[in-house]
Every structure is written in C-alpha cells, then in structure tokens.
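Working notes, structure below.
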C-alpha cells in the first residue's frame, strides 16, 4: 500500500510543473529493498529507500512560489511516519505546573 502511495506522490511531483524537465530518474527494486530518485529542473526532488522490513527513509524538496527552498526528510517504520523539517511547527514546551502535577501523580499512584 505504501509503495502505491509513494508512486502516486512521485507522479504528482513530476506532474506539478509541466515545464520542468526530469534531470534524474532512478527506480531500483531489489530483493532486499528499493531506491527511487526523482530530480526536476525546477529544483523539485524526491529520494526514498526502503528495506524488506518496510522501513523507508526519504526526502522531498521543492521551491515554494515565494522562493523558499522547502525540504522535508522522513522516516517511516513501525513507529509510523516521522517527518522532520525546519518549516514544520514545533509544539510549545510543557508548562512547569503540568510537569509538577505529573510528577506528583507518578509519586502518588491511585490505590485502585
């Protein structure tokens, strides 16, 4: 299922800009995993590699309409999809009062 999603994402990347030319296209499928690379003349690119256990590491990037270079690296494994990028939002730190409450709850477990 994930391979179908990956192929669709690559097709969408290629179709995103009709004027962009494919600079590099690699699709290797081996008994121990796969590797795919797509690079377009407009700066868009996608790379992914996976193993027989379903673990996938990859990166995709493009230049936004504002001229900002966007790059997202990801890992997909038994823990799910884990993207990382400077442009992704980051949760605020947990307030000190909540941390103290959690510590108190841990130190005083329910009697049930």
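Even glycines carry a Cβ here, placed using N, Cα and C.
Taken from Swiss-Prot as is:
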type   : residues : note
SIGNAL : 1-16     : signal peptide
DOMAIN : 31-92    : domain 'Chitin-binding type R&R'
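Across the domain 'Chitin-binding type R&R' (31-92), the model assigns an average pLDDT of 92. Counting residues of the domain 'Chitin-binding type R&R' (31-92) by DSSP class, helix then strand then coil, yields 0 helix, 37 strand, 25 coil.
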